[in-house]
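K.L.:
Sharing the features that Swiss-Prot gives for it:
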TOPO_DOM  1-4  topological domain 'Lumenal'
TRANSMEM  5-24  transmembrane segment
SITE      Arg5  site 'Interaction with the K-D-E-L motif on target proteins'
TOPO_DOM  25-32  topological domain 'Cytoplasmic'
TRANSMEM  33-52  transmembrane segment
TOPO_DOM  53-58  topological domain 'Lumenal'
TRANSMEM  59-79  transmembrane segment
TOPO_DOM  80-92  topological domain 'Cytoplasmic'
TRANSMEM  93-110  transmembrane segment
TOPO_DOM  111-116  topological domain 'Lumenal'
TRANSMEM  117-135  transmembrane segment
SITE      Glu117  site 'Interaction with the K-D-E-L motif on target proteins'
TOPO_DOM  136-149  topological domain 'Cytoplasmic'
TRANSMEM  150-168  transmembrane segment
REGION    159-169  region 'Interaction with the K-D-E-L motif on target proteins'
TOPO_DOM  169-178  topological domain 'Lumenal'
TRANSMEM  179-199  transmembrane segment
TOPO_DOM  200-214  topological domain 'Cytoplasmic'
Amino acid sequence: MNVFRILGDLSHLLAMILLLGKIWRSKCCKGISGKSQILFALVFTTRYLDLFTNFISIYNTVMKVVFLLCAYVTVYMIYGKFRKTFDSENDTFRLEFLLVPVIGLSFLENYSFTLLEILWTFSIYLESVAILPQLFMISKTGEAETITTHYLFFLGLYRALYLANWIRRYQTENFYDQIAVVSGVVQTIFYCDFFYLYVTKVLKGKKLSLPMPI
């Protein structure tokens, strides 16, 4: 395991903690896409089905459990504890537009036609587009709270660090995972416009608006 993988995991964890902290402190989930959070929970669920059958390391197991817990606690806060503050009128992205093609692609492009492998592949493809409902929500409302933009920044940073991790693994181990790399590149592309706005606006104390034609 190299430093890029560890930093990527920490960035991902920080993003989730920031989001949970924001919801808990404000007792409000306005501006947060519940649909994106459902997709992320689905990503972790289908990816970590091997949690009790395939032990790699304590670090790996702990991170899987933490990500699953954070994902489902976030969904619970949005649709349960603080559901009265949920902005359902603006969280209108049609999930079937993502789920149907991702399911189809998972059956067509995978490494092995087994249940666990197809579900793992599904999780990789789905993660690459799971943020779209959140970006769509921002483009629809015209702006995002600062803490939400920090959450998105660290999610994007996690993806960028994982790309560096794959490059490093290819150099040192001659390891190349085409499905993960291509999906990671696609996901990073979705964040590129956001990164520019984050640096030019948010870091200068301005509110972020994200025009995004869908």
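Every residue, even glycine, has its Cβ placed from backbone N, Cα and C.
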K.L.:
Which sequence-distant residues neighbour the topological domain 'Lumenal' (111-116)? Criterion: at least 6 residues beyond either end, Cβ under 8 Å.
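P.N.:
49-50, 179.
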K.L.:
Looking at the stretches 5-24, 93-110, 117-135, 150-168, 179-199, which one shares the most CB pairs under 8 Å with the transmembrane segment (59-79)?
P.N.:
5-24
K.L.:
Three-state secondary structure of Arg5 (site 'Interaction with the K-D-E-L motif on target proteins') from DSSP?
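P.N.:
Helix, per DSSP.
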K.L.:
For the transmembrane segment (33-52), name the stretch out of 5-24, 117-135, 179-199 with the most CB-CB pairs under 8 Å.
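P.N.:
Maximum Cβ contact count belongs to 117-135.
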K.L.:
Provide the three-state secondary structure of Glu117 (site 'Interaction with the K-D-E-L motif on target proteins') computed with DSSP.
P.N.:
helix
K.L.:
Write out how many residues of the topological domain 'Cytoplasmic' (25-32) are helix, how many strand and how many coil, based on DSSP.
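P.N.:
Summed over the topological domain 'Cytoplasmic' (25-32), the classes give 2 helix, 0 strand, 6 coil.
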K.L.:
Take the transmembrane segment (117-135) and find every residue of the same chain, 6 or more past its ends, with a Cβ under 8 Å from one of its Cβ atoms.
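P.N.:
Residues 32-33, 35-36, 39-40, 42-44, 46-47, 49, 91, 93, 95, 98-99, 102-103, 105-107, 109-111, 152, 155, 179-180, 183-184, 186-187, 190-191, 194, 210, 212, 214.
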K.L.:
Within its own chain, what residues at least 6 apart in sequence put their Cβ under 8 Å from the Cβ of Arg5 (site 'Interaction with the K-D-E-L motif on target proteins'), listed in sequence order?
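P.N.:
Expected: Leu161, Tyr162, Asn165.
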